[in-house]
Structures are given as structure tokens and as C-alpha cells.
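Have a look at the structure below before the remarks.
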Amino acid sequence: MTLPSARTCFLLGFLFCAALLAAALYFQFSGGLEPCPLCISQRIMVLAVALVFLAAAIHHPASLGIRAYALLGTAVALGGASISGRHVWLLHLPPEEVPECGPGLSYMFRNFPLGDTLKAMLSGTGDCAKVDWTFLGLSMPAWVLICFLGLGAFSLLQWWNAER
């Protein structure tokens, strides 16, 4: 099986990320699911992967550039997977070990030092430990983890696509 060109693959990766972000916005504004700090961090990482893919598709680099974008996309996707993995881990903690709930992120950005707010965004709060939605027995953070791992593998696959 031959892969489409690297440019086409990067564009498809970008479109998949855009669909993930559109789904997140749909669940927030139509489904009434308010995102927790880790959910917002995951959205930022999906956006970062999307921007890497879009830059690669627009730039249309030669072999070395394709490999650089492939590694960058994989690294960013694995960073997102680590955030999703922490979120899934928080969901499976016993109730007595769940961190305390904190104020909303907009309040934290206005009233707390930036470092404390970023720490809350990356480590999660008690809000991150409740399951509001499942599909096929998996929570939304578990599905996002699967998507990040798939995006990372898809990006890394472009390494070999650069040889064509």
C-alpha cells in the first residue's frame, strides 16, 4: 500500500484535528459539557498538532523538512497524550484521592499568578475527575488519548513518506 503524498497526509491530519476541535465545541455549546482545566489543555494540544500539520501542508517541504515536521508533530501529539493520560488517571482515582475542585480558569487567570494557573491546567482539579460522557465504555479523555496516539503515529509515518 502506498501513502498519498506527505502534503496530502499532513492536510488530512489537520482536517482531523479541526474535526476534533469542532466536536469539542459542539459538546460544550450544544451538549452543555463545560470543559475542565485538563480538557482545555488537551484542546490547546490538539490545536498545536493541527498547526504543525497545517504548516507542513502549506510549506510542502522536501525530504528533510517532512521528517522535521513528522518529528515535531509526533512530539506535540505525545505531549497531548501525556495530558490525556493524566486525565484518564484522575478519572480512575478513588474518590478520597481526587484533588479538590478549584475556581474556574477565567477567575484563575485574572486573580492568580500565571504559574499557578498553568500548574492547575496541567495537573487538573477535582472538576477533572468526573465522567460526564462515555461512548463504547470509554470517557471523552480516553478517546482523546486514543486520538493523540493515532495522530502521533500518523505523523511519524510521514518519516517514511519522505523517502518517496
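Just so it is clear, glycine is given a Cβ too, placed from its N, Cα and C backbone atoms.
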- With Swiss-Prot as the source, do Ser5 and Leu64 lie on the same side of the membrane? yes
- Quick one: Swiss-Prot says Cys39 makes a disulfide with which of Cys17, Cys36? Cys36
- Looking only at the topological domain 'Periplasmic' (86-142), mean pLDDT returns 78
- Message: If we skip the immediate neighbours and take only residues 6+ beyond the ends of the transmembrane segment (143-161), which ones have a Cβ under 8 Å from one of its Cβ atoms?
- Response: 3, 5-6, 9-10, 13, 16-17, 20, 42, 45-46, 49, 52-53, 56, 66-67, 69-71, 73-74, 77-78, 80-81, 84-85, 87-88, 135
- Task: Could you put numbers on the helix, strand and coil content of the topological domain 'Periplasmic' (27-44), residue by residue per DSSP?
- Result: 11 helix, 0 strand, 7 coil
- Query: Which ones in the same chain are close to Cys39 (disulfide bond), with CB under 8 Å and 6+ residues apart in sequence?
  - Reply: Ala24, His87, Cys128, Met140, Pro141
